[in-house]
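Inspection log for the structure reproduced underneath, given as structure tokens.
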Amino acid sequence: MGKNKLEKFADMASYPHVFEYPYSAVDNVPFDMKGKWHQEFFGNDHPIVLELGCGRGEYTVGLGRMFPDKNFIAVDIKGSRMWTGATESLQAGMKNVAFLRTNIEIIERFFAAGEVSEIWLTFSDPQMKKATKRLTSTYFMERYRKFLKPDGIIHLKTDSNFMFTYTKYMIEANQLPVEFITEDLYHSDLVDDILSIKTYYEQQWLDRGLNIKYIKFRLPQEGVLQEPDVEIELDPYRSYNRSKRSGLQTSK
């Protein structure tokens with residue numbers, strides 16, 4: 001029989017590789033691990049990679065297995081979902097994986113300048129009504145700059161045409177260096193081991209016949225970021241925990 005939410009929360013509170021700091025608990029309180037993840041938790045100087053909005057954490061666990069010479073931190077506010085990946089990685093004895101339960105809106109509170117090498121955004125909510133909530137908006141890019149290494153890598157993997165299109169416009173508006181881009185990942189030349197890791201929700205989109213889109217780009221430290229001023233067609237479908245929530249056909 002599966003565990004209920006309260007049992008999962010109790011597990012998470014006891015796991016040594018889980019850090020729980022929701023917004024309500026860290027308001028103006030410094031995070032002791034900031035700037036010390038390498039020496040105090042991972043015990044090495046390997047690159048740190050974040051997955052923001054990790055859901056169940058399958059992608060982080062998959063990457064951690066694939067790259068023992070990198071450190072991975074999965075971030076989400078939903079502890080009951082993260083429990084799946086946190087439990088799997090603990091039972092597997094993985095030492096290069098951690099989980100941070102917090103609000104992504106305050107992500108810069110947990111990492112020092114240059115402490116993170118890469119960011120993965122896997123099937124993030126496209127937030128079609130409000131640009132400042134999108135994890136690829138300039139609002140968040142400014143946050144990422146506070147802890148990402150110069151020219152650090154950002155990966156976007158999404159089912160949402162809206163999110164993909166918006167991100168392309170954001171990249172173009174700011175002339176950010178793009179390393180790879182495709183509107184149909186599994187029919188492109190880049191289906192390598194990393195990108196073939198499939199999350200629970202990704203498989204749902206594939207089963208519904210949706211193409212998976214992918215962009216890999218770099219974020220320089222210099223330059224004032226400009227938010228794109230364009231109208232983008234909204235996604236016509238409803239997906240897990242997502243809806244247009246609006247009668248509009250386009251949004252900025």
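Note that Cβ sites are derived from N, Cα and C of the backbone, with glycine treated the same way.
What you are looking at is a predicted structure, and each value in this text was computed from that prediction instead of being measured.
Per Swiss-Prot, these features apply:
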type     : residues                                       : note
ACT_SITE : Asp125                                         : active site
BINDING  : Glu51, Asp76, Asn103, Asp125                   : S-adenosyl-L-methionine binding site
BINDING  : Lys129, Asp159, Thr199, Tyr200, Tyr201, Glu202 : substrate binding site
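It is 20 Å from the Cα atom of Tyr201 (substrate binding site) to that of Asn103 (S-adenosyl-L-methionine binding site). Of the listed recorded positions, namely Glu51, Asp76, Asp125, Asp159, Glu202, the sparsest Cβ surroundings within 10 Å are found at Asp125.
Fewest other C-beta atoms within 10 angstroms, among the binding-site residues Asn103, Thr199, are seen around Asn103.
Between the two most distant C-alpha atoms of the annotated substrate binders (Lys129, Asp159, Thr199, Tyr200, Tyr201, Glu202) there are 25 Å. Among the residues Glu51, Asp76, Asn103, Asp125 said to bind S-adenosyl-L-methionine, no two Cα atoms are farther apart than 14 Å. Annotation note: Tyr200 (substrate binding site) sits in a helical segment as assigned by DSSP. Asp76 (S-adenosyl-L-methionine binding site) carries a strand DSSP state (E or B).
Excluding the listed site residues Glu51, Asp76, Asn103, Asp125, the same chain places Leu52, Gly53, Cys54, Gly55, Val75, Ile77, Lys78, Ile104, Ser124, Leu135 with Cβ atoms within 8 Å of the centre of the S-adenosyl-L-methionine site Cβ atoms.
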